[in-house]
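K.L.:
From TrEMBL, here are the annotated features:
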- 5-105: domain 'FAD-binding FR-type' (DOMAIN)
- 231-322: domain '2Fe-2S ferredoxin-type' (DOMAIN)
Ligand code: FES
């Protein structure tokens, strides 16, 4: 259950390749609101193995009446990025009005932006907005190689010596603890990158003693530990056994099977889709950033939108009750 999405007809206008494995697609979108804030995302209808599905991507700054997304072709893709890579000018789909759950606060005296790989997509819009308004900002941007850094030259033009890039291939790495220590007391950090980077950042930020409300992040991708495998979910309360394909999330499979679920972000951040694990015959691949390491170790809950079992069957109960549409909400810590 989530707020109703406002779908709009969208047609591919332009395809660009801002990095060797990244495709940027600009869509002309009907009846689009005129502007959206940096950090906003859109949903797009895609086809995966002949089946309709929905994927969520950050929107990049673009002309009025258009939405632009940048998508990395990922080897572990469940099909969303592969679909976007097949698009050509003139192709049609539907997209939603952008929404924002990764907003700039506009209250800090200095902003540290950190991007890992394709995590540059929300950070790019933030850097542009902050620089345009004359705010104090620094961007650190890491990727596997220089060739895989989308929008790096535009960002260098925009930020000058306020951007630093790091290429893993060249043995470069950034010092996140040092970056956090250099922030003024009311400084804020905004990060987007893979799971491991976000986990490290959350731990370092907590150790620095800074308020967690001044660290904001968005995560993408898998945990890097397991490839996608199909598995089964047994829901005794509904007397159902649901098969989850390798190219499908557990949340999508449960919803398709007619099981009511509460969810929102679909990115492992809000915790709304968490299910109770009764029994698991296979290892669990936790890919959320909602639960702490200790909570994951307890193996009592998992986020159905991103986390998976590595084969086998898991037996679960869902948080949804017909007599109550409410859920226990907790902010990420
Ligand atoms: S829907 Fe937000 S964590 Fe799954």
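A Cβ is built for glycine as well, from the same backbone N, Cα and C atoms used for every other residue.
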K.L.:
Per DSSP, what is the residue tally for the domain '2Fe-2S ferredoxin-type' (231-322) in helix, strand and coil?
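P.N.:
Going by DSSP assignments, the domain '2Fe-2S ferredoxin-type' (231-322) contains 16 helix, 30 strand, 46 coil.
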K.L.:
Which whole number is the mean pLDDT over the domain '2Fe-2S ferredoxin-type' (231-322)?
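P.N.:
Reported value for the domain '2Fe-2S ferredoxin-type' (231-322) is a mean pLDDT of 88.
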K.L.:
What are the helix, strand and coil residue counts for the domain 'FAD-binding FR-type' (5-105) according to DSSP?
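P.N.:
The counts are 7 helix, 53 strand, 41 coil.
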